[in-house]
Amino acid sequence: MTRHFLKLSDLSPAEALSVVKRAQELRRSPDPGYRPFVGRTLAMIFTKNSTRTRVSFESGMAKFGGHALFLHAGTTQLGRDEPIADTARVLSRMCDAIMIRNNSQADQTELALHSRVPVINGLSDIHHPCQLLADIQTWMEHRGDIRGKTAAWVGDGNNNVCHSFIEAAQLFGFTLNVAAPQGYGPLENIVSAAKGSVRICRSAAEAVSGADLIVTDTWTSMGQEAEQQRRLSAFADYQVDLPLMQGAHPDAIFMHCLPAHRGEEVTAAVIDGPQSVVWDEAENRMWAQMALLEFLLLS
Ligand code: CP
Ligand code: NVA
């Protein structure tokens, strides 16, 4: 059966942990002679901008001896209304896996339904599961076992990375405190599926209190640019700054999927400061996705 990765919970807890452990191993001991994907290709469909996702998949495939094709959706026939199901049928006869970054999780499900090869979510309106593989890898590399620990999400709760973090809490056994303004909370069905791993907090200070990891994301995700002014004022009390970080555990680390907006969701003192692990986090996108591709194509 073809396995897809449209959301983090498409993996079992044991599978998710083994992908992250394999990512750590790939990073620790890279082997240029190990080229399991010679002759294999990954099609990458983008309807939105990307730096990390595109480069990490492309470099990861090259390191494994394979090739990635960058397909800007607007320059493919998708941009002229070819159905996504037909695109899936065609790409999956020529490629070994498909990655897609688009707005619609439902379209990704449709793509997967008609694909013979694994489909990977490189970000949708609802989830960003590849980001979480890298984030969990990074957290473990810096702090070891994360079972029973507490992470705090501060800012936009109705956010693709936040939703994947909620799924991660359930899969990896940590608690996620979420602090978001009224009307910007995470989707209720995702919170309730996480069965008690999530705590919705009234304030940023309450969420970070004693937390081992503080994480945020942009207040204005791709596609929400028209709401930017309204969002800047709605989120004003949810900036991650040094006084907020002081409420966390003294060993707490800071993460951000990037791109960051210094002076909005996070101050420069935090993201460029000693608790920040954002550059390891960005690099780990590549190792984590190499481990994911191995899992989907070789196991
Ligand atoms: N974090 C992330 O997905 O970055 P890009 O938008 O640059 O791919
Ligand atoms: N929430 C952000 C993540 C970017 C990687 C967005 O969707 O734009």
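Each Cβ is built from the backbone N, Cα and C atoms, and glycine gets one as well.
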TrEMBL annotation, carbamoyl phosphate site containing SER50, THR51, ARG52, THR53, GLN77, ARG101, HIS128, PRO129, CYS130, GLN131, CYS257, LEU258 - matching residue among ARG3, ARG22, ARG285: ARG285
Record-annotated L-ornithine site (TrEMBL): member among ASN121, ASN160, ASN284 besides ASP217, SER221, MET222: ASN160
CB-centroid shell, 8 A cutoff, L-ornithine site ASN160, ASP217, SER221, MET222, site residues removed: LEU123, HIS128, ASP156, ASN159, VAL161, THR218, GLN224
HIS128 (carbamoyl phosphate binding site) and ASN160 (L-ornithine binding site), Cα-Cα, nearest whole angstrom: 5
Number of Cβ atoms other than its own within 10 Å, given for ASP217 (L-ornithine binding site): 27
Segment confidence, the domain 'Aspartate/ornithine carbamoyltransferase carbamoyl-P binding' (3-141), expressed as mean pLDDT: 98
Maximum Cα-Cα separation in Å among residues ASN160, ASP217, SER221, MET222, which the record lists as binding L-ornithine: 12
Neighbourhood of ligand 2 - binding-site residues from SER50, CYS130, SER221, CYS257, ARG285 with Cβ under 6 Å: SER221, CYS257
